[in-house]
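**Q** The domain '3-dehydroquinate synthase N-terminal' annotation in TrEMBL covers 72-182. Summarising the annotation, TrEMBL assigns NAD(+) binding site to 75-80, 109-113, 133-134, 146, 155. TrEMBL lists 185-327 with the feature domain '3-dehydroquinate synthase C-terminal'. The Zn(2+) binding site annotation in TrEMBL covers 188, 251, 267.
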Ligand SMILES: NC(=O)c1ccc[n+]([C@@H]2O[C@H](COP(=O)([O-])OP(=O)(O)OC[C@H]3O[C@@H](n4cnc5c(N)ncnc54)[C@H](O)[C@@H]3O)[C@@H](O)[C@H]2O)c1
Ligand SMILES: O=C(O)C(=O)C[C@@H](O)[C@H](O)[C@H](O)COP(=O)(O)O
Ligand SMILES: [Zn+2]
């Protein structure tokens, strides 16, 4: 039997921008109240693959007396494109959307990133509510207000901070999520374990089978703990002036792998390799103990997530990492651990250190195929 929803509050930059992340089963009846009384028109943005869910959300809004239209966008990273944003702006314009209207994003992290970006830019900012349907969307992308599209030069290079008015994480959605997508989301869950909440790591290690079952109580606890980590950080540093950078653990190399793979790797798979790389960096500079460094590879491997990448791609990866948002001029910056749940920043003026750490995770080219998740 489904238990009561859990509500995790997120503090915004002003009291009016505080919002809730609600975690539970079937939560759609809460959507009209989350949108608020002033909203009359709603654009529901969903990927082609989730048309039925998008239609259900539209019908729920219509039943509540709102004017609801849908915009169907390409699936996954193909949706995070300027032409897709432009298509959504066109739909908003043709339907006379005003500043008191809203967008509802229904889908994985790619959809919440794109829809959030459209909401941030239409009339310089309208309300958005996220209904994440993937594990990764629930534990990470829908929370915290980072929105983004990709460009030819790299991942998430254009975007805005635009927090949602609320998030409805309906765990029932995980029932149809393919297993590789569930595991991709687990990479971000494990990231939260290493940077802030080691109980997450203990839970994953103790329950390998339950972790792969989206309906398990273990997955619910992992979702709640991960959202609590993210909510705690973004509540104090929305615009990434400081500790929000820790949420980027594993992403400097991870995003570069996604670009090198033309977005054919799942985000979490690329982050998984990036986490092991960051652990090796931390170990090499003498900050991270061997046991915690080794734990990265062990826990990610136990889930079937990749922990190595092609050695012939180093130069392209380095180019990609230079465009990471944590870079400052020619200086590359990485999140590393000084110990379990002790994230810190490492400035790397000399790329030979990065190359040395990369040797620890480099594989023959065929490794990339085996690990594409
Ligand atoms: N804004 C942030 O803070 C943040 C955080 C983490 C990741 N991200 C971004 O999120 C994206 C990754 O998110 P993702 O892993 O959810 O990818 P995704 O949105 O591409 O979804 C993955 C796949 O799962 C399918 N899917 C989603 N929900 C489903 C369901 N319930 N049933 C069946 N299929 C379903 C989607 O259609 C898609 O094919 C990346 O673009 C990443 O950069 C953003
Ligand atoms: O919320 C954050 O901050 C994060 O860094 C979370 C990451 O998991 C996420 O992938 C994010 O989109 C990366 O952001 P970027 O600033 O490196 O584009
Ligand atoms: Zn991420």
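Placement of Cβ uses the backbone N, Cα and C atoms for every residue, glycine included.
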**Q** Once 188, 251, 267 are set aside, which residues in the chain still have Cβ within 8 Å of the Cβ centroid of the Zn(2+) site?
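**A** Near the Zn(2+) site, the remaining chain residues are 136, 140, 187, 191, 250, 254, 268, 270, 271, 274.
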**Q** What is the number of residues in the domain '3-dehydroquinate synthase C-terminal' (185-327) that are helix, strand and coil, as DSSP sees it?
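**A** Its residues fall into 101 helix, 2 strand, 40 coil.
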**Q** Which residue among the binding-site residues 75, 77, 113, 188 has the fewest other Cβ atoms within 10 Å of its Cβ, if you could check?
**A** 75
**Q** Would you list the DSSP helix, strand and coil counts for the residues of the domain '3-dehydroquinate synthase N-terminal' (72-182)?
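**A** Result for the domain '3-dehydroquinate synthase N-terminal' (72-182), in helix, strand, coil order: 50 helix, 33 strand, 28 coil.
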**Q** Taking Cα atoms as reference points, which of the binding-site residues 75, 79, 109, 111, 134 is nearest to residue 251 (Zn(2+) binding site)?
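**A** It is 109, whose Cα lies nearest.
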**Q** From the binding-site residues listed here (79, 109, 134, 251), select those whose CB sits under 6 A from an atom of ligand 1.
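**A** With ligand 1 as the reference and 6 Å as the Cβ limit, the list reads 109, 134.
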**Q** Would you mind ranking the binding-site residues 79, 109 by how many other Cβ atoms sit within 10 Å of each Cβ and giving me the lowest?
**A** 79
**Q** Measuring Cα to Cα, how many angstrom lie between residue 155 (NAD(+) binding site) and residue 188 (Zn(2+) binding site)?
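**A** The Cα atom of residue 155 (NAD(+) binding site) is 17 Å away from the Cα atom of residue 188 (Zn(2+) binding site).
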**Q** As a check: which entries in 77, 109, 113, 251, the binding-site residues, place their Cβ less than 6 Å from an atom of ligand 2?
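**A** By the Cβ criterion, which requires under 6 Å to ligand 2, the hits are 251.
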**Q** Ten-angstrom check, please: count other Cβ atoms within 10 Å of the Cβ of residue 134 (NAD(+) binding site), all chains counted.
**A** 30
**Q** Drop a 10 Å sphere on every Cβ of the binding-site residues 155, 267 and tell me which sphere holds the fewest other Cβ atoms.
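**A** Looking at the binding-site residues 155, 267, the Cβ with the fewest others within 10 Å is that of 155.
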**Q** Sequence gap of 6 or more, C-beta under 8 Å: which same-chain residues meet both conditions with respect to residue 111 (NAD(+) binding site)?
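**A** The answer is 45, 46, 47, 73, 79, 105, 137.
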**Q** Inside 10 Å of the Cβ of residue 251 (Zn(2+) binding site), count up the other Cβ atoms and send me the figure.
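**A** Excluding its own Cβ, the number within 10 Å is 27.
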